[in-house]
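Engineer: Sequence annotations record features per position, and here Swiss-Prot assigns ATP binding site to Gly137, Glu138, Gly139, Ser140, Gly141, Asp142.
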Amino acid sequence: MTERNIHVQPASGLAVEDQDIEVVERKGIGHPDTICDGIAETVSRALAQTYIDRFGTVLHYNTDETQLVAGTAAPAYGGGEVLEPIYILVVGRATKKFDGERIPAESIALRAARDYLDEQFPHLDLGSDVIVDVQFGEGSGDLQTVFGEEAAIPMANDTSYGVGHAPLTETEQIVRNTEQKLTGEYAESNPVVGQDVKVMGKREGDHIDVTVAVAMVDEHVPDLDAYKTAVSDVRAFVTDLAEEYTDRDVTVHVNTADDYDAESIYLTTTGTSAEQGDDGSVGRGNRANGLITPNRPMSMEATSGKNPVNHIGKIYNLLSTEIAQSVANEVDGIRQVQMRLLSQIGSPIDEPHVADATVVTEDGVAVGDVEADIQATIDDELADVTDITRQVIEGDLSTF
């Protein structure tokens, strides 16, 4: 094993699964903040791949300041209309000229952003419901980093940190899978469900409350009774889904702000609240593992859109999560591991200033019994840090 600064220590408190109160949130792919995350990351991958294809290197860029300004809509039973379009501004920096060649960075970004919206949002008319704009400052050619050269370890661009944890608790699994399956397989056969699905899980002792906000699509809602049926169907689906992950009691609540007497309901024309007064920004929603987990250490860094070569705010959050998963899967006797990686600007990213694992072990297993195995697993993952860059560019790792 190398001389990397790796620490392993026992956690001072209970595993999250054993705490009295647990809160978990996920903002779905159609939430305005997550729309920004998705576009920023898609544009990031497109730029990185273009640079590799043309120059064999990932040049300097960042797209992690993407913003969304909500539109205005008039939803109605059977189908309403968008009155003022959603405005999306892809903001950042990109290298537009390198080695004597000009690079159409803005055009690449615009195409990637529109392709993402077209793929993810079937109820959004790209011709009239949304405006996509791109504003890139010039990146620095001096900050280029060669990607793909064996033994080339990038230097950290910042003194910053990333965090990750494993395994997911029952509540975390329920929350993440509820959104992913509602906006995935369920929405495919039930198009009344829009892409803006927000899920909040609260576990109090052995009872889990799952509160789901679902943007219903007005085109598929002819009247209030049909809306009520759609809400009831979602509730039943999520209840059955939750039972796959827990034996605890689960209560599912759907669109709790509805007032049926006043016919004030969560009805949308496009399937996202971005059509009506809900703005968005990169990094204000899900962390790198797709969840918001106030019971856990979290980084405030926006992971999506950052350069995947040496930007610590991206790499260390993704790597911390991968390390935690590897430790939980490969080392016997681990009940919970929470990982922190701290960089120092200018140092190789495979040599963090400190790599710290805080561990809860199973009954009868002391941390000292497994410390060497944990350190070895962390060391192996750090040695392979550049694989995070490859996975991100190829789209194998999600950042939101």
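For all residues, glycine too, the Cβ spot is worked out from N, Cα and C.
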Engineer: Out of Gly137, Gly139, give me whichever of these binding-site residues has the highest number of other Cβ atoms within 10 Å.
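Structural biologist: The residue with the densest Cβ neighbourhood is Gly139.
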Engineer: Run through the Cβ atoms and count how many others sit within 10 Å of the one on Glu138 (ATP binding site).
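Structural biologist: By my count, 12.
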Engineer: Can you tell me the three-state DSSP label for Glu138 (ATP binding site)?
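Structural biologist: In three-state terms, Glu138 (ATP binding site) counts as strand.
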